[in-house]
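Trainee: Take a look at this one; I'll ask things after.
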Amino acid sequence: MFTLKFGTTLLYSIPSMILYAMTVRMVSRFSKDFSRTFIQLYIVFFVFNIITFFNSFITVRIPQNTCKDCFMSFLFKSHTVLNPSWFPLNVFYFIHFYMAYAQFFLIFLTSLNRFSMIFWSATYEKAWNRAFPFVIILVIVLPVPFTYTILPSWTYYAYTETMDCYSTSSSVDRGFLYNQLLPFMATITIATAIINIASFYKLTCMTYKISIAERNLLFMSGSLFIVQLLADVNTTLNRLVVNDNNKFGIWSQIAVTLLPYISDGLTLIHPWMFLAFSTKARRCFMLMYFPKYAKVAVTATNSVRFVTVNKRSQVQDAVRF
């Protein structure tokens, strides 16, 4: 079970989830220093991503890192196609596909939020605050029509001899599930690309300035789109080359091997990008968790300078800009 691949994923995924939780606590603590709609989307993303992360251990991580006679193999041998399971494995497999829809749609919403900020900077916040409850309902409900058939199905683990590991499957035709998922992902990816291109083009043509913080969050949403595009390509590869006829081929093995890493990219990259692109986020993060090393960048003329402080109270108001 504890293969090099499994250890590698744990090496970066556990620190990433800890950092994710720390940044969520940070934006909640310094809520006045960030856009309210951005905070709401960030926290919702965190909830969905943490569910995805822990669910992946059951549907992807542990099965893919368990050989035929490994310590944990008895769990998978007891739920084969000859002895399929229903609850709760069907729920975990349902969540596996459900979250693919939810994550892609949330990346689109993040880009849409930045798009509306660029084009309607004076009114976008009020509009998003009013619409946000309905947006969340849409995020929750939207994947259900595409994934509900998994819930009443029989679910099991299949052993792949060439890779000496297990994978999750169900009585629902795999091609049927991917034939629904791929058009959705392609449509959302294209829509995300269009609004990101429009946002960056508008940014270069603007005669007035938006805050550096808002601009950097736009760059963050653009970077999330790149990860989304990679996930789309890998999912397409899974659909085209992983089937009963060639599931033991090299391309099938590559697609299956990359799946947990691509999933991690969608799930764990947010806090790293947030801190990388947002100076304000880095300041608030340092102020909250490492106050002795926190730096402020405020002067009487609003120019930027950095000073080291020893007390949180010295910079409590200075981080807003």
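Glycine is treated like the rest: Cβ placed from N, Cα and C.
So Swiss-Prot lists these for the protein:
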- 1-21: transmembrane segment (TRANSMEM)
- 38-58: transmembrane segment (TRANSMEM)
- 89-109: transmembrane segment (TRANSMEM)
- 131-151: transmembrane segment (TRANSMEM)
- 181-201: transmembrane segment (TRANSMEM)
- 217-237: transmembrane segment (TRANSMEM)
- 254-274: transmembrane segment (TRANSMEM)
Trainee: Select the range from 1-21, 131-151, 181-201, 254-274 that forms the most Cβ-Cβ pairs under 8 Å with the transmembrane segment (38-58).
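Mentor: Most Cβ pairs under 8 Å with the transmembrane segment (38-58) come from 254-274.
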Trainee: Sequence-remote contacts (6 or more beyond its ends) of the transmembrane segment (89-109), Cβ cut-off under 8 Å?
Mentor: 41, 44-45, 48-49, 51-52, 55-56, 58-60, 79, 135, 138-140, 142-144, 146-148, 150-156, 168, 170, 177, 181, 184-185, 188-189, 191-192, 195, 221, 224-225, 227-228, 231-232, 235, 266-267
Trainee: By Cβ distance under 8 Å, which residues at least 6 away from the ends of the transmembrane segment (181-201) in the same chain are close to it?
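Mentor: For the transmembrane segment (181-201), the list is 97, 100-101, 104-105, 107-108, 111-112, 114-115, 118-119, 146, 218, 221-222, 225, 228-229, 231-232, 235-236, 239.
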Trainee: Please report, as numbers and ranges, the same-chain residues at least 6 past the borders of the transmembrane segment (131-151) whose CB is under 8 Å from any CB of it.
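Mentor: Same-chain contacts beyond the ends: 37, 40, 44, 48, 90-91, 93-94, 97-102, 105-106, 109, 170, 172, 176-177, 180-181, 184.
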Trainee: Please give the sequence-distant neighbours of the transmembrane segment (1-21): residues at least 6 beyond its ends with Cβ less than 8 Å from one of its Cβ atoms.
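Mentor: Contacts of the transmembrane segment (1-21) (Cβ under 8 Å, skipping residues fewer than 6 from its ends): 46, 49-50, 53, 61-62, 64-66, 70-72, 257, 260-261, 264, 268-272, 275.
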